[in-house]
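Engineer: Once you've had a glance at the structure underneath, I'll fire off some questions.
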Amino acid sequence: MSNQLPVINLMGPTASGKTALACELYERGNFELISVDSALVYKDMDIGTAKPTREEQELYPHHLIDIITPLEVYSAAQFVEDACALIDEMHSRGKTPILVGGTMLYFKALLEGLSSNLPSADANVRAAIEEKAANEGWQAVYDELVAVDPAAGVKFKVSDKQRIIRALEVYRITGQPITKLQAEQPKNVPYRYTFHNYALLPDRLELHQRIEQRLSKMWDIGFLSEVESLIEKYDLDENLPSMRSVGYRQALEFLLKSDMSLKKKQEMEDKALFATRQLAKRQYTWLRSLQEIHDFKTYLTIKQAKEDLRNSYG
């Protein structure tokens, strides 16, 4: 592994303070920022994603923000391709990349590589799977997967809709189970980089308080109006990856129903809060699984992280 191409990975659950920390590092050294967030890639989705404002992006430019519309799909494979191109370009200019975000699948793909010969997503195959789910229910789709790929059935739950879709998509295209292909196929790992991995893992109670504060601010500054504007501008539906983002899923469901009473609005806000907490829980799980394989330095507080990283990088 070459020591000539260092890459700083700054990870953490939602609302942990990682973006603010990355911006502070940016000010102190010869760095550039790359967003590792599957929601920030979407244009016009600003409030619900806690996207850095235009003013903040002018001060701290982020790559891989606002690159597609909410109608488009962005995969982990595309992220790795884009991120590696940016990393190489930054190093050619003498910059050190800081990758910051909470989409752990993207970090995992960058650190461990992706199976190189799996088929690309097929919109028609996916539409057929989603149509079956709409007509027969997700249990029927899950049962189909278990029948052709029992190992995937052990790994996935019925609620893992995107993973089920991908596994069935691969089987319908190739005729082979995705678990078999993943075990057999080589992975493309960017060995030319030296990754320096850092993770913010604050106390759960503190994180839950930060999440509540973020969502409260989100409602106050017009998140529902933002989703209404999205509905007017785009032909949205709940199956789009963009609309499966926490907050947007609950808001879209609320706005598309006839009953928009205060009671239903409160229920929607409660669902969004619960979904965000569940997201943070999954991010913790992902981080801990990555830590079992890769070298990490973890911090329990933002203050601790700032002091240590200042000493290391500025």
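Positions of Cβ are set from backbone N, Cα and C atoms, glycine also.
Under the heading ATP binding site, Swiss-Prot lists G12, P13, T14, A15, S16, G17, K18, T19, citing sequence analysis as support. Feature annotation from Swiss-Prot assigns substrate binding site to T14, A15, S16, G17, K18, T19. As annotated by Swiss-Prot, region 'Interaction with substrate tRNA' applies to 37-40, 162-166, with the evidence given as sequence analysis. Per Swiss-Prot, the feature site 'Interaction with substrate tRNA' maps to T103, R126.
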Engineer: Looking only at the region 'Interaction with substrate tRNA' (37-40), what is the model's average confidence as pLDDT?
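Structural biologist: A mean pLDDT of 97 is what the predicted model shows over the region 'Interaction with substrate tRNA' (37-40).
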Engineer: Excluding the flanking five residues on each side, which residues at least 6 beyond the ends of the region 'Interaction with substrate tRNA' (37-40) place their CB within less than 8 Å of a CB in that stretch?
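Structural biologist: Counting only partners 6 or more residues beyond its ends, the region 'Interaction with substrate tRNA' (37-40) has Cβ contacts under 8 Å with 48-49, 51, 62, 64-66, 74, 79, 101-103, 105-106, 241-242, 245.
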Engineer: Give me the Cα-Cα distance between T19 (ATP binding site) and T103 (site 'Interaction with substrate tRNA'), rounded to a whole Å.
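Structural biologist: Computed Cα spacing between T19 (ATP binding site) and T103 (site 'Interaction with substrate tRNA') is 13 Å.
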Engineer: Out of the binding-site residues listed (G12, P13, T14, S16), which are within 10 Å of T103 (site 'Interaction with substrate tRNA'), Cα to Cα?
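Structural biologist: Near T103 (site 'Interaction with substrate tRNA') by Cα: G12, P13, T14.
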Engineer: How many neighbouring Cβ atoms, not counting its own, are there within 10 Å of the Cβ of K18 (ATP binding site)?
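Structural biologist: Its Cβ shell of radius 10 Å holds 23 other Cβ atoms.
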Engineer: Fewest other Cβ atoms within 10 Å: which of the binding-site residues G12, P13, G17 wins that one? Let me know.
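Structural biologist: Ranked by other Cβ atoms within 10 Å, the binding-site residues G12, P13, G17 bottom out at G17.
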Engineer: Tell me the coarse DSSP state (helix, strand, coil) of K18 (ATP binding site).
Structural biologist: helix
Engineer: Validating a neighbour-count step here. Other CB atoms within 10 A of the CB of A15 (ATP binding site): how many?
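Structural biologist: Its Cβ has 24 other Cβ atoms within 10 Å.
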Engineer: Would you mind listing, in sequence order, the residues at least six apart from T14 (ATP binding site) in the same chain with a Cβ closer than 8 Å to its Cβ?
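Structural biologist: Those within reach of T14 (ATP binding site), by Cβ under 8 Å and sequence separation of 6 or more, are A50, G102, I211, R214, V246, T276, L279, A280, Q283.
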Engineer: What Cα-Cα separation, expressed in whole Å, is found between G12 (ATP binding site) and R126 (site 'Interaction with substrate tRNA')?
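Structural biologist: Checking the Cα atoms of G12 (ATP binding site) and R126 (site 'Interaction with substrate tRNA') gives a distance of 31 Å.
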Engineer: Within the region 'Interaction with substrate tRNA' (37-40), how many residues are helix, strand or coil going by DSSP?
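Structural biologist: Helix/strand/coil tally for the region 'Interaction with substrate tRNA' (37-40): 0 helix, 0 strand, 4 coil.
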Engineer: Between R126 (site 'Interaction with substrate tRNA') and K18 (ATP binding site), how many Å separate their Cα atoms?
Structural biologist: 34
Engineer: Take the mean position of the Cβ atoms of G12, P13, T14, A15, S16, G17, K18, T19, the recorded ATP site. Which other residues of that chain put their Cβ within 8 Å of it?
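Structural biologist: Apart from the listed residues, the neighbours are G102, L200, P202, L207, R210.
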Engineer: Just checking, which of S16, T19, T103 (recorded positions) has the fewest C-beta atoms within 10 Å of its C-beta?
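Structural biologist: T103, out of the recorded positions S16, T19, T103, has the fewest neighbouring Cβ atoms within 10 Å.
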Engineer: Run through the region 'Interaction with substrate tRNA' (162-166) and tell me, per DSSP, how many residues are helix, strand and coil.
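Structural biologist: Tallied per class, the region 'Interaction with substrate tRNA' (162-166) gives 5 helix, 0 strand, 0 coil.
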